[in-house]
Amino acid sequence: MLHLKKTKKRLPKAIIVGVRKAGTRALLEMLNLHPKIAKASSEVHFFDIAENYEKGLDWYRHQMPYSYADQITIEKSPAYFITEETPQRIYQMNNTMKLLLIVRDPTERAISDYTQIYSHKQEKNKNYDRFEDLALDPETKEVNTHYKAIRTSVYHRHMSQWLKYFPLEQICVVDGDKLVKDPLPELQRVETFLGLERYLSNKNLYYNASRGFYCLRNDTMNKCLSDSKGRQHPDVDPKVIAKLHHYSAT
Ligand code: A3P
């Protein structure tokens, strides 16, 4: 494959480890507007899928983009956050790895997670339960803590696994709700965390009213994220929402 002189594939120095449906794609694409960032376009799933992990670090490196020595290679695989083996595996590869974790309101995240699966089922003409029936235990009517979309939203439980290996200073927690409403301050925090020169500005982001989201631009491109980001969520029974809010607050 052709590539520019002085570029080569390098292991990442930063990884967006999750959380799924919290804005991981938006964060990666927005950071990639910075000239010192080189992103892996697709999710690599090296540390969470045994079959990939067994292929070794050369395989992992091969999944990365070509980059210059002064660029930071970054990948995002949101399943890393909830996979128990992942923190130790990343630590073994590079204990100075910078970790980015984007979170959003846990109830909204769970509904977004449900909406994604619901939409995939619909595409295949398959039926799927209502969110309410999955989120509450059918007998007790209490929060169904076994439902994966709920479990993923219990951030502190997963976070405790990461903190066994990485100090908090190595983890930048991005507020996904703020990234939707006013992305620049969150991105500037990440620039600082990654030790990058301030580059991103309001010139790189513009609000697109018909999408209802910020879209991205630089000298060579202008794009919004795909329609699979920002799906309409179903109307969820407010009593169920209240139960979930109460659960996440306790
Ligand atoms: P919804 O689809 O629930 O609205 P991920 O990339 O981790 O799957 O996250 C998807 C979420 O990114 C979307 O959730 C959306 O709210 C959020 N998001 C944040 N900034 C966005 C942007 N600029 N364009 C589209 N979606 C964005």
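Cβ atoms here come from the backbone N, Cα and C positions, even for glycine.
Those TrEMBL annotations? Automatic predictions, nothing curated.
Cross-referencing C172, C224 with TrEMBL gives C224 as the cysteine bonded to C215, criterion being a recorded disulfide. Among the record's 3'-phosphoadenylyl sulfate binders, K21, A22, G23, T24, R25, R104, S112, Y214, K229, G230, R231, Q232, H233, no two C-alpha atoms are more than 19 Å apart, and one pair sits at exactly that spread. Secondary structure at C215 (disulfide bond), as computed by DSSP, is strand. Neighbours of S112 (3'-phosphoadenylyl sulfate binding site), defined as other CB atoms within 10 A of its CB across all chains, total 22.
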